[in-house]
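Colleague: Take this structure first; my questions come after.
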Amino acid sequence: MRNEDTTQTFRIMDNFIKNTPVKQLSPQEFQQMLSAWMEKKGLVRDLRSYLKYQMVNVLQSTAIGKNIQKTSSLAQQALHLIVAEYLQHHQCNFSLSLFSTEVNLTNVLPETRLYVQETLVSKFDRENLLNILELLGIRKECFERIMYEYFEQGNSLLVCLLNIINKEEEGNNDDEVSEEINTQDDFIQHILLILQSTNLPQKTQKQLLHTLKTCYDLKNKTYQNQIIELIEKFKKEFHYRDQKLLYNQKRKKTLEKQVNKLKKENSKLKQCLLPHCNQQCNNLKTLNDSYKQEIEKLKNTNTKQKQEIERLNKHCDHLSLEFNACQSKISLASAKLDQPGSDKELSLSSDSITEQILQQAKEKLKLLEEESEKLDLRTIMKQIVTNQTVKIPEGITVSTKSRTITVKGSRGVLKRSFKHLALDIRMVNPRLLKVEKWFGTKKELAAVRTVCSHVENMLKGVTKGYQYKMRAVYAHFPINCVTTENNSIIEIRNFLGEKYIRRVKMAPGVTVKNSTGQKDELIIEGNSLEDVSRSAALIQQSTTVKNKDIRKFLDGLYVSEKTTVIQDEA
């Protein structure tokens with residue numbers, strides 16, 4: 001809008017000047033006409049830039065301007081000249097004045113006129129132009145083209161340089177593309193020929209060719225990676241097969257040596273005519289025969305010992321009868337001695353009789369002691385076998401393997417290992433479990449009953465389950481019990497007023513919860529009697545009173561009742 005207003009004012013002024021003589025103009029009108037004409041011709045802008053330029057020169061001649069250090073190199077000065085010439089060529093006088101003050105280009109640029117002439121343009125001469133190009137490092141082959149564009153086409157030096165550089169880069173890119181195409185395989189060359197046969201622009205052809213080349217390279221790289229992976233895989237397989245082959249060869253050699261050794265030993269051995277399959281069978285047969293002979297010997301010794309025990313028992317009964325008879329005789333003799341008339345007559349006879357009876361009794365007692373000692377020595381022996389059975393109720397399955405018993409019932413499965421005991425545990429039938437101990441000592445025989453008791457507890461656990469009830473006992477500080485993690489952990493708080501929280505984890509398969517019918521009561525349930533009782537013991541031990549008189553401080557959690565989960569009907 002502003003440019004349209006100025007052009008309209010210029011038209012009005014031109015018409016006014018043409019129609020009005022100069023003598024009729026007033027000073028103010030003449031001044032306005034002169035300023036408008038100078039604005040139209042661009043002289044005001046040139047005057048402003050020239051004044052600024054001269055002002056900067058004057059300031060540089062002062063003391064402040066002399067202190068400015070000039071550190072520009074020749075190449076930098078050449079670049080400054082090119083930029084200044086570009087600004088001067090495009091009549092950017094204000095920017096040129098500022099730029100010249102910054103880089104100190106006084107009296108270096110071509111002469112600038114204060115009025116505009118379309119035919120005359122300020123330029124560098126040929127010699128200065130060659131010097132500038134040499135300072136910039138431009139190749140001499142490009143001098144002619146730059147001079148032609150600068151002098152003939154009327155472009156600025158900066159534009160000429162940029163055109164030459166762009167053309168050289170395009171030529172280099174074309175050379176690189178041609179070299180790349182020459183080095184590529186037939187596929188890329190065929191694609192290039194197809195693109196050249198089309199009417200597409202060269203830039204589009206280059207982009208398509210570059211895209212196809214990248215895709216082709218990516219595909220080649222993927223194939224190359226796959227081939228490398230296959231090669232590595234085959235190498236590993238070959239290495240593994242080589243190692244396996246070496247191992248088999250070594251094993252073959254060792255086996256051949258063993259075979260030769262066995263052949264030599266077999267040749268030395270005599271032919272055996274006994275009816276058995278091999279040496280191991282023969283060894284088992286001889287071992288079985290020796291066991292049978294030993295069992296027969298033990299049976300014979302057992303019968304002999306029984307007979308000897310019966311004989312000794314009879315002899316002991318006979319001696320006891322004789323001892324009773326002797327006692328009766330002694331009592332009769334003592335009664336006769338008590339009579340007054342016969343004291344003198346019977347004194348001598350009674351003394352002799354009693355001495356004989358006492359001597360006979362002593363001899364018989366010695367014989368009894370000797371025979372009892374012999375009997376004790378003969379009866380010190382091991383019992384041959386001890387067994388006990390457990391009946392399996394209906395609805396329960398029991399299996400044994402390697403002294404490990406598994407019991408399955410309506411409430412779950414229990415498993416227990418008795419590998420630490422040298423016992424024979426087997427199922428006689430699906431409803432009867434038998435536990436045996438051969439040639440065991442007194443302590444080893446007691447383990448038979450222990451195992452049967454454990455099995456009975458397991459049978460009861462998978463059908464009825466075990467339940468322990470515990471009560472919280474406190475005098476002043478109420479004990480607070482909270483269960484967490486699906487009733488598997490109990491937290492005991494405020495025990496004796498302590499802030500410390502006691503956490504007790506139940507055994508696997510055991511749960512603990514607060515009773516709903518009784519205050520301060522815990523209910524512990526599970527299938528295994530050992531796990532339930534152990535969990536209750538851990539809870540009780542966690543509330544043990546320490547560093548206090550336990551006769552006075554009775555706070556804690558104690559077992560109040562032991563029962564089953566499923567109660568028997570009354």
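Even glycines carry a Cβ here, placed using N, Cα and C.
A TrEMBL annotation is a machine prediction, not a hand-curated record.
These figures come from a predicted structure and were not determined experimentally.
Reproduced below are the annotations present in TrEMBL:
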| type | residues | note |
| --- | --- | --- |
| COILED | 245-322 | coiled coil |
| COILED | 351-378 | coiled coil |
| DOMAIN | 392-465 | domain 'Large ribosomal subunit protein uL6 alpha-beta' |
| DOMAIN | 477-556 | domain 'Large ribosomal subunit protein uL6 alpha-beta' |
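Show me how these features fit into the shown structure, please.
Modeller: Along the coiled coil (351-378), the predicted structure has mean pLDDT 69.
Taking H, G and I as helix, E and B as strand and the rest as coil, DSSP gives the domain 'Large ribosomal subunit protein uL6 alpha-beta' (392-465) the counts 22 helix, 32 strand, 20 coil.
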Colleague: Let's see if you can do this one: DSSP helix, strand and coil counts over the domain 'Large ribosomal subunit protein uL6 alpha-beta' (477-556), in that order.
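Modeller: The counts are 17 helix, 25 strand, 38 coil.
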